[in-house]
């Protein structure tokens, strides 16, 4: 599919849905704020990955070349605090949870990014950016830290709508700040924390600086689309815009933000104790069913989790799967065809997935009628269109990845029951300070090809070189 009819996307900065026109014809550059790898992923984290994976797949289906960058924040206050509380090196804590996020994305067949830069790998670029800001009069040093001077950038607040007098960065009071509305670009060295040398002394980067530097490194001073969760609009994305444009970069031309997964009307978060971890969810539903559910709402809408909604999504997915299996059994091989015009119109209208799904189920109903009437050609046309459309949404039931994973998921579920029993025995041994027995259980599991990692969320197991549970 190469017809590039008008694609319209909601730009947070403009506050409206507007025509998407890339910087370079035929090419799209996208930066997605990825995970801060402080803990295990839950379905709220992964929804963002699914939402913008659909955007990427749709652009690819329309014939664009897509450069898709998703970063990893592997140095940040919460990572340091949680690693210290667990008595583990910060870098090991970050790497462990980065692997868990990668496994979660892979489980839902989120396409790998074109590049996945880590913040710690781009310290040089961050220092260079600070130097440009200081030279331009937009940043200053104070108390070992470096701050961005918010009042030096008159356009501050254009993305979020915040008025300058109402700005609160949430960083607390700092002696080196000239104005409490300013935000930190570089944090001076503290005992026990990692640090890097700079012209202003040793220290580590501020969160906002990291993304600006990495986006520029991979996509250049100006690129097409910046994505992320709606909770990042302020202060994170507002500060990214300010520092990047103050440094002379055009930065992102479109800003897309996805809604949260909520429970009881509250954003899913560990602090509220209402999270549903990816390993737990994948014990209850198949990966393709979970992906279907997370992608089923409009990306800008809140997705209120409930068991009823989850089961409705499973039922809808199984209905499509059953239809495709019936056609394959009675008619023959089903190859992906082309999406219908109504499906394309829906996705061209700011990725209106609910309307696109309604079209898919309409085509399924037509296909079932054709199959029941003995119209094999009509049934095959419907099935081919459904495969194409579900493929763009990332959950084509006949894709070999999903069919093989169904068998793998069932096997992992059976193994998990056995491993969890062993882990419970190990936890009891540790509570009784029977370290020899605890080590024996861990060694027994390792000899069976199962690695155990102790985290703040409890012990997690993974197949050596494979899936995490």
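All positions are counted from 1 along the displayed chain.
Heads up, the Cβ atoms here are built off N, Cα and C, so glycines get one too.
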Checking feature assignment: motif ''HIGH' region' per Swiss-Prot, candidates 24-34, 35-45, 46-56, 57-67. Which range matches? 35-45
Matching 267-271, 272-276, 277-281, 282-286 to Swiss-Prot annotations, motif ''KMSKS' region' lands on 267-271
Determine the Cβ neighbour count for residue 236 (Zn(2+) binding site): the number of other Cβ atoms within 10 Å of its Cβ. 18
With neighbours defined as other CB atoms within 10 A, the best-packed of the binding-site residues 33, 240 is 240
What Cα-Cα separation, expressed in whole Å, is found between residue 270 (ATP binding site) and residue 211 (Zn(2+) binding site)? 24
Helix-strand-coil residue split for the motif ''KMSKS' region' (267-271), DSSP-based: 2 helix, 1 strand, 2 coil
Mean pLDDT for the motif ''HIGH' region' (35-45), rounded to an integer? 94
Neighbour count (Cβ, 10 Å) for residue 211 (Zn(2+) binding site): 28
Using DSSP, what is the helix/strand/coil residue split across the motif ''HIGH' region' (35-45)? 3 helix, 2 strand, 6 coil
